[in-house]
Amino acid sequence: MDPGFSVDEIAPIAILMDELRSEDVQLRLNAIHRISTIALALGPDRARDELLPFLQDSVDDEDEVLLALAEELGRNFEEYIGGRDYAHILLGPLENLSAVEETLVRDKAAESITKVAAVLSQAQIEQYYIPLVQRLSKGEWFTSRTSACALYAPVYDRVAPPVQDELRKGYGALGSDDTPMVRRAAGKWLGSLIKKYSKTHVLTDGLAVYRRLQSDDQDSVRLLTVEDLIAIAQQLTPPEVKEQLLKQIRQTMSDKSWRVRYMVATHFNELSEAVGNDLVREELTGHYVQLLKDNEAEVRTAAAGQIPGFSKLLEKEVILARIVPCVRDLCQDTSQHVRAALATQISGLAPLLGKDATIEHLLPLFLHLLKDEFPEVRLNIISKLEQVNSVIGIELLSESLLPAIMELAEDKSWRVRQAIIEYIPLLATQLGKAIFDEQLGNLCMAWLGDNVYSIREAATVNLKKLTEVFGVDWAKVQIVPKVVGMGQHPTYLYRMTTVQAITTIAPSLTLDIIQGEILDTLLQLAQDPIPNIRFNVAKSLEVLATTFGGQPDGRQLVRQKITPVLDQQKNDSDADVRYFASKALQKADAVEVGGAPPFLSHL
């Protein structure tokens with residue numbers, strides 16, 4: 001033992017090292033998660049001189065331990081070793097971690113290196129970081145060269161021009177590496193590096209690397225160049241894109257690998273915006289139509305997801321002539337996933353086409369998709385009907401789509417029924433009272449008796465929203481009598497729904513309606529033989545007490561009608577009923593003692 005250190009000073013590092021050498025992986029993992037605490041206990045000097053060298057030699061361990069170490073070193077660890085002036089020392093252990101076999105560890109190490117780079121000065125970057133990048137780029141194993149690709153972009157714009165020249169040259173070498181994994185990493189990180197290049201260097205170095213990778217014999221490399229293409233196009237003017245990239249755009253769009261075409265389809269709108277309107281008209285529209293007709297369902301699904309975004313860049317005539325026929329075909333597509341993606345996006349065409357064209361071309365397609373055998377397709381089309389309403393008006397929509405909506409309201413998939421319920425308040429706003437009562441009123445009440453709880457719950461929330469749309473007087477006539485009537489039903493679930501519906505809609509009603517129409521039924525249900533109903537009545541009475549107890553008439557109601565029933569329930573044979581009754585009584589008493597709640601105190 002060094003006589004210069006006391007036992008207390010040596011203990012933390014000794015414990016850590018013992019735990020790091022332990023055969024138990026969990027102990028080693030816990031030790032790594034505590035290295036910031038250990039570093040703090042050691043102080044900056046000993047953390048630099050003892051802890052970091054020890055960690056640098058700890059690369060031969062389980063992957064999860066190494067992953068934790070890579071993460072911890074990127075969490076502002078420089079604060080524990082003397083600040084940013086010493087941050088470059090962290091690069092040593094991270095360099096070792098960025099060359100290990102496990103991809104997750106390498107990726108996390110590279111991420112932490114870039115975080116460390118953010119606090120380094122230009123001198124530190126050129127003295128320590130750049131040599132690290134060069135060593136990794138020329139490493140014997142592909143693992144280190146793969147990690148190197150992620151490290152160029154974060155510092156490119158922070159170094160002197162001669163160093164930038166070296167970095168571009170080094171990245172060019174990685175882009176033509178013999179190992180596909182390295183070329184794949186070069187493709188992945190090229191876009192972020194190109195964004196830092198001047199236009200001259202984009203046209204020389206950037207394009208050269210991109211072209212090599214874009215014509216790679218491995219599709220896993222080529223598919224990563226789609227985002228590079230977008231990054232380069234964003235740096236160039238439309239004429240330059242046409243001159244420099246047209247050949248590559250054509251090759252990528254018609255690539256023999258479906259994975260590359262899928263990637264293009266996924267990023268089609270970004271690419272279209274980057275290349276400019278002329279190229280969209282001359283080239284991309286034809287390519288997009290081909291992607292919509294692709295042999296692979298995955299490509300058609302991705303392309304369908306871009307329909308409204310791409311169509312915004314086209315004239316109405318082009319949409320009708322080129323895009324709508326494809327949409328018509330996709331409605332009949334054999335893949336349910338393609339139809340589901342289309343159902344999500346098709347309504348976005350309505351504002352672009354206008355009322356007449358939507359009625360003529362899109363309305364029949366909406367109806368077709370609403371009757372699709374696959375629930376997700378029906379669900380997606382319902383959830384986006386609002387856009388269509390705003391274009392063609394509710395009269396037409398109700399004439400053509402209401403029958404289909406009525407049919408879906410009884411759909412065998414409860415998620416579809418739920419989507420319809422959530423759409424009802426919006427529909428009600430647009431239909432008005434008369435049409436709503438005639439067409440949908442009974443349907444809304446029927447949902448209260450659905451055999452799926454989520455539907456019954458959504459139905460009660462729906463009634464509350466409808467009360468807010470049409471007013472209390474409408475609710476008194478259309479909703480309250482039907483809800484109260486269900487309270488006498490022999491089936492327990494219907495009686496339960498009555499209690500839950502009252503609890504939900506009561507705050508939207510007036511005290512007169514509660515007193516005259518609802519309270520007696522609720523108090524009768526307080527004696528129900530089913531404990532679940534009795535304790536839900538207690539919850540409901542709590543809501544009534546807190547909602548109306550602030551008004552003089554409401555306080556009287558609480559005192560005369562609600563409190564006696566809760567007192568009785570407090571002695572119920574069921575523990576849950578006793579609990580909720582006691583809770584409700586406390587709230588009722590608090591409201592009575594406190595008078596009006598704060599939000600009513602000014603009345």
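For all residues, glycine too, the Cβ spot is worked out from N, Cα and C.
Since this is a predicted model, take the numbers as computed values, not measurements.
The repeat 'HEAT' annotation in TrEMBL covers 90-128 (among others). Mean pLDDT of the predicted structure over the repeat 'HEAT' (90-128): 84.
Per TrEMBL, repeat 'HEAT' is recorded for 245-283 (among others). Residues of the same chain lying 6 or more positions beyond the ends of the repeat 'HEAT' (245-283) and with a Cβ under 8 Å from any Cβ of it are 210-211, 214-215, 219-220, 222-227, 229-230, 232-234, 236-238, 290-291, 294-296, 298-299, 302-303, 305-306, 309-310, 313-314, 318.
Residue counts for the repeat 'HEAT' (284-322) under DSSP, split into helix (H, G, I), strand (E, B) and coil, are 29 helix, 0 strand, 10 coil. Sequence annotations record features per position, and here TrEMBL assigns repeat 'HEAT' to 284-322 (among others).
As annotated by TrEMBL, repeat 'HEAT' applies to 323-361 (among others).
The repeat 'HEAT' annotation in TrEMBL covers 362-400 (among others).
According to TrEMBL, the feature domain 'Phosphatase 2A Regulatory Subunit A helical' maps to 365-510.
The repeat 'HEAT' annotation in TrEMBL covers 401-439 (among others). Helix, strand and coil residue tallies for the repeat 'HEAT' (401-439), in that order: 33 helix, 0 strand, 6 coil [DSSP].
Per TrEMBL, the feature repeat 'HEAT' maps to 518-551 (among others). Helix first, then strand, then coil: DSSP counts for the repeat 'HEAT' (518-551) stand at 26 helix, 0 strand, 8 coil.
Here the repeat 'HEAT' (518-551) has long-range neighbours at 480, 483-484, 487, 492, 495-496, 498-500, 502-503, 506-507, 509, 511, 557-558, 561-562, 565-566, 568-569, 572, 574, 576-577, 579-581, 583-584, 587-588, 591-592, 595-597, 600, meaning same-chain residues at least 6 beyond its ends whose C-beta is under 8 angstroms from one of its own. Only residues 6 or more beyond the boundaries of the repeat 'HEAT' (284-322), in the same chain, are considered here, and those with a CB under 8 A from a CB of the stretch are 249-250, 253-254, 258, 261-262, 264-266, 268-269, 271-273, 275, 277, 329-330, 333-335, 337-338, 341-342, 344-346, 348-349, 352-354, 357, 361. With DSSP classes pooled into helix, strand and coil, the tally for the repeat 'HEAT' (245-283) is 33 helix, 0 strand, 6 coil.
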